[in-house]
Amino acid sequence: MAAAAGGADDESRSGRSSSDGECAVAPEPLTGPEGLFSFADFGSALGGGAGLPGRASGGAQSPLRYLHVLWQQDAEPRDELRCKIPAGRLRRAARPHRRLGPTGKEVHALKRLRDSANANDVETVQQLLEEGTDPCAADDKGRTALHFASCNGNDQIVQLLLDHGADPNQRDGLGNTPLHLAACTNHAPVITTLLRGGARVDALDRAGRTPLHLAKSKLNILQEGHSQCLEAVRLEVKQIIQMLREYLERLGRHEQRERLDDLCTRLQKTSTREQVDEVTDLLASFTSLSLQMQNMEKR
């Protein structure tokens, strides 16, 4: 009974109940004039015999005493303030971290960002990004908002996502980067934006193809097919030229880039399918050479 009464007195003096799941600690010796928790004061209290319920006070093996020693080791007078933490913050840090994943609201925002990028909704994309929605979050197929925007050719959304930290080299479930998808469409500005944002032209998909390989495949299709109209073919060739120009610019191959500029000028002057085919053949040879140089560099 006396022990129980003593325990009750301890609880009343500490102002806290053991039912809170926290140790009762006398506030006066443990807080400074500013109400800050001090490990130094806590260690002194332990050394002075102020024990914790259910623990041996002042024991040499006390985890709290060991923590106190580590905290004070090699401390200099100017570091005194570093040894003080607000008591409330210390209690919060001691609690288990309960956030195991995004909340339902956050999941909805992530999905909405991808859907908005896919729907070319620039205003909603910007709003969600400014609210802190993660631009790198992917769906169950590994596709991010940047994958959707690159595939759709929306250069404005692509730039917005890159400005807010989207990874231009993030792969989807098939290993495609946004540049792989952009290389399969007719949107040269997106390719330029991705390359300037750090996209790698030598990134491999799961089939071992780079965006340059996809460009070469498109050129082969253009050389074999005759069903597309002249303007569509010209647009395809222009896109591939633009991608190669940015690639060579990043590598510092200015002489080769000038050759591409000449091809682009010739393309603009074409008026017949035969002239476009001639430029396409030259570009195919140039692309093959670029791929060979790329493979040599990897070795």
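Placed from the backbone N, Cα and C atoms, the Cβ positions cover glycine too.
Swiss-Prot assigns the feature motif 'Nuclear export signal (NES)' to residues 282-292, out of the candidate ranges 62-72, 84-94, 194-204, 282-292. With DSSP classes pooled into helix, strand and coil, the tally for the repeat 'ANK 2' (141-170) is 17 helix, 0 strand, 13 coil. Counted with DSSP, the region 'LYN-binding' (140-240) comes out as 57 helix, 0 strand, 44 coil.
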